[in-house]
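S.K.: Structure in structure tokens, see below.
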Ligand code: ADP
């Protein structure tokens, strides 16, 4: 039975209320609060019972048939919500807006929040080490704007693009932030390149909205004031600018879905002013920056190597620094100098890390404060963190470098918060205010008075018990308490005849009877009234404390950011000490010079073979392209990735795995690596390879770093070599490119490029032949490889000896044929030469034997004609 095909007027009033709310949230699952449960009815119940494997029951709804129903307990709803969101659903939460005990008839209900993948705030549903971005993506003609917000931390980013690179730039930002939810307008959907990327490459939930949903005319300041942003003007945005559309689209959506979230966002980071290194989707994946290509795991990624953060905020910032390397040399140097100071003082570093160990997630705690969902323990965590800050500031004050000093300046000790919370809250508050016992004795006089009544109350009850015992002579008389009868006097069977007349019987049990008296009732009212009052007063005080902390949002946010930065710098320093990294020299002359560089991940992952370090020298002149030849499995890919990773590490401000490194800032890193077969997207390996190459030649500049691994491999040998050659020629000679390039190939035919193109240098991976076997030396040496060693590598890989033997004899035959063909060609050339020689000598001979002075015109003409036959 579904809502669509029933007569709503016949429904019970409550079901009519349900139907009315559901109409507004047709595309959502409606969690309808009923007592201690969120119930779902009709089609939602059918769907959810299946998705979450819940029992499907029914409820009388006024019709003959019962309405299908299933439910989840409200206190444990996060688990169910998480599963539904992960399965791609959106959930509207409909709460009772009045206490049912205060209502006559139907309890009013309202949707208080819509839960979508991009608007999560529950820590149980979020990954503490990653940001969770919601993105509004608005396009008009060739212009695009992206506004991204993480509701759980409060950060907002804004981008605007125009011109022919719009789609590409937008795709780069989507790869960088990988938002969990994207709001788009029709123009985005119609852009083939972008919609294919969103559909195929990133895991995200997409909402197609009307253009009007983005239009500032429809929202203007009403939406923006919700977020402490007063107007578009204050953001420096014109109402008709494309960015204004993205900003309004995003905030209007948050406003609609998060009704209670007020003032969480404070500042929008605009990215047009401060460019960063561009790393496309492919390079990000191939270089395994935050997860491995194959298993999508952190272990084995660059992030894993440099990740030694102590706080969740630092963890998230480390990831975002890694995803956005800097290109401003001064900023990179500031970070490197800070890391150097920390590396040089391991004692201070250890102490700072210890303090950071006690720092909680200020950003997400503040979101819960703003959301009014912070628990007493959350508030206590904020205060405990604040108490650590003076110590942190003291440690930092020992450093005089620019960045650490600046961080220290931005960290506030948050005294106002810690003073208030430490005075107001007990040392170990309960998880829920409703449990009571949150506020400390001595903080509020009224509360202390009420508490005295309770503790005095215990004395009153004891007095009554004593007195009654004496008066009645019932030795076993005692006073107990339960929820149903309140306080009662209990008399055991053997004393029944001593029960006085003023005792009012309440309950008879096997061995005893329970009574109340007027005096006991009066005492009970005083005590219970006081404990009710205590609970509501505690709640009131707690709300005041929480609301005060909410007023400190900006200062806590700034502190949180600075603490996170310190944490990342310490994390870099720790990695540098642990793995023996050096401080790179940052340059702008286009030179990358690395001595004994190592691959940061392979050197740690590899246990059976010692990692062999290698040098690199690239510049913008005669060393712009290194052609690296060598057999498969010899270490070409590892070497090239190592150069890219060292460059990237330097530009995020981290020390690098090398004895020495001079790194000239690069604007983009491109990769075309290995067989990243994208069969799921319906593309063959070769197509992927070629479209990656196309992307590189279209977008690389002279300041980029390009890594090409085996271009042209996915097709026939001649095609492959031809493509590989022409791509390298184009990259190394085209005026707009000429960028630093590492090009690995097993086509050793390509070593001739060194002689033909300026800027190309040959390198190879050294291999030692030992009889029939080869040994990889892993050393990159000048000069090209002389052969491919394909069969030897196949043997190393364990191909049966019969196949190896046959391959060898085939190779022998092919080589013999090639030699024969070469000899024939040489002979043909020789013939050509001797024929030329013969003709020359005939002509000379004839000229010598003839006296042209004796010839008349006709004879002369005939003679020349004859000679011309030999020329
Ligand atoms: P290729 O690209 O030439 O096929 P790879 O770069 O994939 O070769 O290297 C093959 C393996 O060799 C790697 O998985 C790694 O274990 C090992 N290797 C590569 N470079 C080194 C090195 N410099 N030192 C030690 N082992 C290395």
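Here the Cβ of each residue, glycine as well, is placed from N, Cα and C on the backbone.
Pulled the feature table from TrEMBL, pasting it below:
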- 630, 631, 632, 633, 634, 635, 636, 637: ATP binding site (BINDING)
- 704-720: domain 'DNA mismatch repair proteins mutS family' (DOMAIN)
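Thinking about packing and proximity, how do these listed features fit into the structure?
M.R.: Look at residue 634 (ATP binding site): DSSP puts it in coil.
Remote same-chain partners of the domain 'DNA mismatch repair proteins mutS family' (704-720), defined as residues 6 or more beyond its termini with a Cβ less than 8 Å from a stretch Cβ, comprise 592, 618, 636-637, 640-641, 643-644, 647, 666-674, 684-686, 689, 693, 696, 727-728, 731, 739-747.
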S.K.: Output: those binding-site residues from 631, 633, 634, 635, 636, 637 whose CB lies less than 6 Å from an atom of ligand 1, in sequence order; none if no residue fits.
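M.R.: Correct list: 633, 634, 635, 636, 637.
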S.K.: Other than 630, 631, 632, 633, 634, 635, 636, 637, which residues of the same chain sit close to ATP? List them in sequence order, counting a residue when its Cβ is within 8 Å of the Cβ centroid of the site.
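M.R.: Output for this site, in sequence order: 744, 746, 765, 776.
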S.K.: Ranking the binding-site residues 632, 634 by other Cβ atoms within 10 Å, which is at the bottom?
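M.R.: Each of the binding-site residues 632, 634 was scored by Cβ atoms within 10 Å; lowest is 632.
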S.K.: Please spell out the DSSP helix, strand and coil residue counts for the domain 'DNA mismatch repair proteins mutS family' (704-720).
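M.R.: Helix/strand/coil tally for the domain 'DNA mismatch repair proteins mutS family' (704-720): 4 helix, 5 strand, 8 coil.
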S.K.: Over the domain 'DNA mismatch repair proteins mutS family' (704-720), what is the model's mean pLDDT?
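M.R.: Mean pLDDT for the domain 'DNA mismatch repair proteins mutS family' (704-720): 81.
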S.K.: Provide the number of Cβ atoms within 10 Å of the Cβ of residue 636 (ATP binding site), excluding the reference atom itself.
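M.R.: Neighbour count, Cβ to Cβ under the 10 Å cut-off: 24.
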